[in-house]
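Under the heading ATP binding site, Swiss-Prot lists Ala18, Phe19, Ser20, Gly21, Gly22, Leu23, Asp24, Thr25, Ser26, Ala44, Gly130, Thr132, Asp137, Asp195. Swiss-Prot lists Tyr100, Asn136, Arg140, Ser193, Thr202, Glu204, Glu281 with the feature L-citrulline binding site, giving sequence analysis as the kind of evidence. Residues or ranges marked as L-aspartate binding site by Swiss-Prot: Thr132, Asn136, Asp137.
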Amino acid sequence: MSNTILQHLPIGQKVGIAFSGGLDTSAALLWMRQKGAVPYAYTANLGQPDEEDYNAIPRKAMEYGAEKARLIDCRNQLAHEGIAAIQCGAFHISTGGVTYFNTTPLGRAVTGTMLVSAMKEDDVNIWGDGSTFKGNDIERFYRYGLLTNPSLRIYKPWLDNQFIDELGGRQEMSEFLIANGFDYKMSAEKAYSTDSNMLGATHEAKDLEYLNSGIRIVKPIMGVAFWRDDVTVKAEEVTVGFEDGVPVTLNGQSFSSAVELFLEANRIGGRHGLGMSDQIENRIIEAKSRGIYEAPGMALLHIAYERLVTAIHNEDTIEQYRINGLRLGRLLYQGRWFDPQALMLRETAQRWVARAVTGEVTLELRRGNDYSILNTVSPNMTYHPERLSMEKVENAPFDPSDRIGQLTMRNLDITDTRDKLGIYTHTGLLTVGKDSMLPQLDKK
């Protein structure tokens, strides 16, 4: 068994813990200190929409026994990784055309690298977090952590039988904190769990594991419950501007940073519940899970970006962009966003697709994912309506005789195709006749 993963608490050694301030990490930090480890707490500011006071979290960590507690601002890096994912179309999970924008995998890529980098500055080479052995995050953090620090070892309280025996549930953890003088009140038990960052929110587990429970039990944290009749959602026009593949304006307004642009995109999309989806997906270990997702800003920017992509690039480029995006989305989901094969796909899309994407798209947003595109403007468009106008135009790029030649040359294989179908009929692979899909094939 690998000695990278520690199954028992390393007594007397520095242990970095990704500290959220919630019940699990609070109890784990105090427990590790009492058992003889030297815990260091690291909190990632990812712009979580449900977090009210980031600065209070390190103070809480110190109260629970942290040797040192640091707040790491990850928002700028997260915003740029989100833009990179949009530029590459790095999204492989969708249902009925509604996309999951890989917001949790993007958050883990940033958290895993930036927190471990901060730990290295403090000479902390053991890392713990709250991910369980059944999920994706345990593998994502493992990869990003070791990628950042090859000397890293990993200790997870939730893989330590002693911790599980003593503090195996929420009730036990709450009682442990109270017994040690902390007035910890458990929050009301929700029907599902939520994890979020600035790019999106994930709702899963508990009642949402049952497919007869759906979006109607979820209380959105980034927008409105658009499915409810008592929620008023007014139609709204919004114009998104891109320069060289980078979103730069919303309704003509520029922003001081990518973070500020994302926050405004979230506000606009959130007013409509844009970007919410219900997905059944394959986890890394090939077992299926179910999640309900929010990503209002990502959805808004993605729609506008893809509209410009289709207006600017040719069919083969768009096809390759989509194929590469599906593959890159899987790599991102698997915790391989910074692997060479992912960087190769990213560079291809960002250089040869995104660089040409300059322009503005105006949309009307309604309820949920209901929207219309009202206008598309770009100096780089290869869409020229006069080429295919149904009206008579002067200096037309081609005439009827040109099309006759194209039809002849482009379809020389019709005879070959008919002969092949005849072979399939002769061998019994196809049946001809009145009720078959090729009823006239046997007629010469």
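Each residue's number is its place along the chain shown, starting with 1.
Placement of Cβ uses the backbone N, Cα and C atoms for every residue, glycine included.
DSSP gives Asp137 (ATP binding site) a helix state.
Under the three-state DSSP scheme, Ala18 (ATP binding site) falls in the strand class. Here the binding-site residues are Ser20, Ser26, Thr132, Ser193, and the one ringed by the most other CB atoms within 10 angstroms is Ser26. Highest local Cβ density among the binding-site residues Gly22, Gly130 belongs to Gly130, counted as other Cβ atoms within 10 Å over all protein chains shown. DSSP assigns Gly130 (ATP binding site) to coil, not to a helix or a strand. Cβ-based neighbour count (10 Å, all protein chains) for Glu281 (L-citrulline binding site) stands at 16. When secondary structure is read from DSSP and collapsed to three states, Asp24 (ATP binding site) falls in the helix class.
When the binding-site residues Tyr100, Thr132, Glu204, Glu281 are compared by Cα distance to Ala18 (ATP binding site), the shortest distance belongs to Thr132. The Cβ of Asp24 (ATP binding site) has Gly130, Met173 as same-chain neighbours under 8 Å, each 6 or more residues away in sequence.
Nearest in space to Tyr100 (L-citrulline binding site), taking C-alpha to C-alpha distance over the binding-site residues Ser26, Thr132, Asp137, is Asp137.
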